[in-house]
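Shown next, in structure tokens, is the structure this report addresses.
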Amino acid sequence: MIRRTLPCLAALALAACAVPPPKSMPEAPAAVLAPDAPLPAPIRDPAVARAEFVRSTSQRFGIPAADIEAVLAKAQIREPIVKAMSRPAEAKPWRDYRPIFIQPSRIDGGRAFLEANRAALQRAEDAYGVPKEIVTAIIGVETSYGGNKGSWPVVDALYTLAFAYPRSGDPARVAYEDRREAFFRDELAQLFALGKEEGIDIATLKGSYAGAMGWGQFMPSSYRQYAVDGDGDGKRDLFNDLDDVIASVANYFAQKGQWQRGGPVMQRAVRDASAADFANPGNAVTLDRTLPMLAALGYRPAAAPLADAAAPATLITLEGVAGPEDWIVFNNFKAITSYNISRLYATAVFQLAEAIAGRSPDPA
Ligand SMILES: [Ca+2]
């Protein structure tokens, strides 16, 4: 989860912004969202910043400062994480992104996951309105159905990015890098709170290099805010309890993404020969059009419209194998970008879900 309008990877998520994706992983960890609240001004001296972190985290969450100090005393700055975060983001076109996710092993893995967890997925769909295949696809894109949940100590990952966030030296990027560092510092604080609230020894947790955790790759703040106890055992365990994982991903979509039950995600558009280009770059999705407005501009659904004339929508263009692809996107597309603000990510999740369901991922 991230949100940003920076020129990252055609717009990827924050956390992963500067990181080229491993072959089987999305560019951005799922739960890396920037906090909605304004972040504090940066403290430049790491020792001062760390002391202030201990003080403020202790006060904010009622955790003894000595307990925080004890964890930080064992935390390590991990150079590979600094390096990974320093790497310039690479803008990958859809034609190169798609094959990472829309391929037989991930589709088959999704069908197997769905069958193995059908009851929990159905309960989540009934409760939150998010289709089984969408929840499954998220878990497939994030961690290959739990196969790659990350092996970095979460404390180290967040400690590194909170106190040694890489600096490019480019004056134009200072404000962005400050925000990123403050974001990870807040996530580290949230991790301490999570440990206290859930009774978890945070020093044992493993996750992505950006601190995203579990089957759905939740950042600590998202874990605290959106994780739910799917099986009613009194714990929210996103590492080992698939009922919790499935319910939590669905709850995230319903709450954070404002997912609409039964609503469309996206639909291929056909373009009139005379239509002007629809300029809509970046990753943010602003649903400021409707189907009639798009039709007036020369873009119409390629098949029967999936939404009525009043439904908020917009048009995006992806660089496909056969050239530009125009897609009309709706509320539930925007909802997927609340998990990771990348249009490519959202498209991959949708198409993987369609493929898992046995529908053509791209009817055009
Ligand atoms: Ca549980």
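The backbone N, Cα and C atoms fix where each Cβ goes, glycine too.
The model shown is predicted, which means the values in this text are computed figures rather than measured ones.
Record features (TrEMBL):
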ACT_SITE  E142  active site
DOMAIN    51-354  domain 'Transglycosylase SLT'
SIGNAL    1-18  signal peptide
Specify the secondary structure state of E142 (active site) as given by DSSP, simplified to three classes.
helix
Over all shown protein chains, what is the count of other CB atoms within 10 A of the CB belonging to the residue listed as 'active site'?
30
